[in-house]
Structure formats: structure tokens, C-alpha cells
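Database features, via Swiss-Prot:
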type	residues	note
BINDING	G48, Y49, S50, G51, A52, G53, K54, S55	ATP binding site
DOMAIN	12-251	domain 'ABC transporter'
Amino acid sequence: MAAFINSKTNIIDLKNITVLFKNQRKEVRAVDNVNLAVERGDIFGIIGYSGAGKSTLVRTINLLQKPTNGSVIVNGIDIKKIDEKNLRVVRHKIGMIFQHFNLMSSRSVLGNIEYPLLDQKINRKKRQQRALELLKLVGLQEYVSAYPSQLSGGQKQRVAIARALANNPEILISDESTSALDPKTTESILELLKDLNKKLNLTIVLITHEMQVIKSICHNVAVMESGKIIEEGKVTDIFIDPSREVTQDFVDTSTNVKNAIKRIIKNTKFKIPGINQELVYLKFVGQSANEGIISKIVKKFRISFNILFANVDQVDGEDIGHMIIAFSGEDSLIKNHWMHLLKMVFEHKY
């Protein structure tokens with residue numbers, strides 16, 4: 001008998017999930033008392049280094065990994081309390097794609113996409129019709145008769161995505177699905193996933209170790225370390241103001257600000273002998289990323305500046321600008337106006 005839980009907006013609720021692996025020597029706590037809620041239609045990212053517990057956690061969503069403790073609620077149903085027959089029904093509504101495409105080399109593209117439908121009571125004509133619809137959806141309608149060996153990595157992943165959608169799932173789990181792809185192909189796959197999210201109202205749970213992937217596609221993110229979620233929230237909030245060291249490290253890999261600061265401090269050519277300089281890192285968000293705050297500062301305080309580093313990221317549709325500036329001028333100007341200058345800067349931080 002299915003155990004129904006009132007969940008109006010959340011399609012996934014993981015409550016107090018713990019996964020223990022035991023051997024003769026020790027007990028490994030792969031997932032440690034994790035709570036996670038994913039809203040219907042969201043693109044939710046889970047980021048962490050290898051061994052953080054990301055894959056183990058998401059495999060509990062369809063009980064491919066049964067948790068030692070905790071509740072797994074999908075579409076309002078506590079799926080730990082249902083029988084195998086009903087669990088198969090739930091699993092049909094959860095598609096999965098992986099880093100390795102796992103296509104069958106002996107089957108054509110069409111045959112690979114049809115495969116999940118073979119255990120359904122669907123005749124051959126309808127199976128093929130569904131597979132052709134999916135091929136068109138992922139942009140591979142010209143490769144119906146091709147075999148996996150004839151496809152590029154990006155094309156293989158598109159076939160894998162189409163296959164994962166065969167049973168009209170409401171949830172798609174993406175486990176490092178772009179890790180084996182080059183940057184250009186990764187971008188095209190992420191664009192496809194965003195498109196599918198909008199067209200099908202498909203909830204996507206995406207695992208990655210790359211912040212670039214998170215900022216490109218996700219609306220919300222959880223950061224994992226040692227089996228725990230250590231930080232969670234909107235991607236823009238996490239990107240603007242990470243509170244944990246691991247999160248900051250991931251953000252730094254995407255912005256390159258940390259490396260730029262180290263390079264600037266180390267390099268003497270940025271220093272002007274006899275001139276007082278102050279190095280400032282500015283972060284601009286939203287509309288302020290396009291405002292002329294620096295020119296306003298220069299005009300108001302008669303202070304010179306040199307832009308040593310600048311870039312603008314787009315995170316979940318929001319512009320976030322990063323700038324490292326060396327302000328220079330007479331000591332008295334710098335000292336007398338420094339607090340006013342900082343006030344102007346921080347007024348434009350958010």
C-alpha cells in the first residue's frame with residue numbers, strides 16, 4: 001500500500017537519509033543524515049568532490065541504493081514503503097543519464113531508444129513512433145539507422161537522453177553526464193537539458209564537480225562534503241556569498257578571481273614606485289554589473305585607477321561582475337576619502 005505524503009510543490013523529499021557501507025574492517029558513512037527537497041520543475045544541482053556522496057545520495061531517489069535510514073518521498077509517496085510492483089511504476093518516471101553513455105553497440109540509435117519500452121504493452125509501431133519523436137526532440141532525427149560507433153560523444157549522450165525520456169519521466173537524474181565531453185559539446189548538452197526542462201516541465205537533478213556546469217543550468221544547488229550537505233540555496237546566492245571553504249573553492253574555479261589576486265600581488269609590474277595604491281576586489285550583481293561605478297568614484301574623489309582583472313559571469317540568468325582595481329593617488333586623498341569610497345563600492349555590491 002502506497003504511503004501518501006502531502007507535498008504540494010516538492011517532487012522529491014529526502015528526509016534524514018543515511019547510507020552505511022560495512023566491511024570486515026570498518027563502517028563507511030557515505031551519506032550522513034541528509035535532508036533535501038527538490039521542487040517540481042526545478043533544475044537542482046549537487047556539487048562536491050569525488051567521494052563526497054553525491055552519486056550515492058541521488059541513487060536513493062529511485063532506491064537503486066536503499067538508504068540505511070530515512071524516508072524517500074517521490075511525488076508524495078514514501079517509496080520505501082511500497083512493494084516491488086509499485087516501485088517499478090515509480091522508477092519508470094525517473095530517467096537517468098551518466099558520464100558513460102551505456103549504449104548497446106549492436107543496436108541502432110532507434111533500437112537503443114526503443115529498448116526501455118520493450119517491457120511495456122506497446123506495439124512495435126507505437127514504440128518506433130515514440131522513439132522517432134524523441135530523436136527529433138534531441139536533434140538526431142537524421143541518425144535513425146546509425147550505430148553508436150558512428151556517433152560523436154555528444155551525439156551518444158543525446159541518444160542516452162532520448163532513451164532516458166522514453167517512458168515520459170517526470171524526473172531526470174544526470175550523474176556527471178558532461179564530464180567526458182569537451183567544453184563546446186558540454187555547452188550544447190546543457191542547453192538541451194534546459195530546453196527539455198522548459199518544454200516537458202522536467203525536474204532535473206544534476207550531479208557534477210564543476211561549478212561552471214552549476215552556474216550554466218541550475219536554479220538551486222547543494223554542496224556536499226564527507227556525506228553531508230554543508231551549504232544549500234539559490235545558485236546566485238551561493239555564487240555571490242559562499243559561506244563554506246569548499247563552496248568558495250568551487251566558486252573560485254569558475255571566476256578565477258583567487259588566482260588573479262595571487263598573480264597581481266606577486267607581480268611587481270603592477271606596483272608604481274612612490275605612489276600609494278590600494279587593491280580592491282569589487283563584485284557587482286544584476287543591474288549594477290553594468291553601471292559606471294568606477295567612473296563615478298574617480299570623478300568624485302580625483303583618484304586614479306587601473307583595472308587589473310575583470311569579467312562578467314551569467315549565473316542562472318543573473319549578471320555577476322568581478323573586478324580587481326588598483327586605486328592610486330596622493331596619500332591624503334586615499335586616506336581622507338577611503339571610507340566614502342568603500343561605502344560607494346559596497347552600496348553597489350548587491
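Just so it is clear, glycine is given a Cβ too, placed from its N, Cα and C backbone atoms.
Where Swiss-Prot records a feature, it is marked here on the structure.
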| residue | record | Cβ contacts under 8 Å, 6 or more apart |
| --- | --- | --- |
| G48 | ATP binding site | K54, H209, V223, M224, E225, V246 |
| Y49 | ATP binding site | H209, E225, V246 |
| S50 | ATP binding site | H209 |
| G51 | ATP binding site | none |
| A52 | ATP binding site | M224, E225, S226, G227 |
| G53 | ATP binding site | V19, A30, V31, D32, V34, M224, S226, G227, K228 |
| S55 | ATP binding site | D175, E176, I207 |
In this predicted model, what is the average pLDDT of the domain 'ABC transporter' (12-251)? 93
Around the recorded ATP site (G48, Y49, S50, G51, A52, G53, K54, S55), other residues with Cβ within 8 Å of the Cβ centre, ordered by sequence, are H209, M224
I'd like the Cβ neighbour count for K54 (ATP binding site), meaning other Cβ atoms within 10 Å of its Cβ, all protein chains included. 25
Can you tell me whether DSSP puts Y49 (ATP binding site) in helix, strand or coil? coil
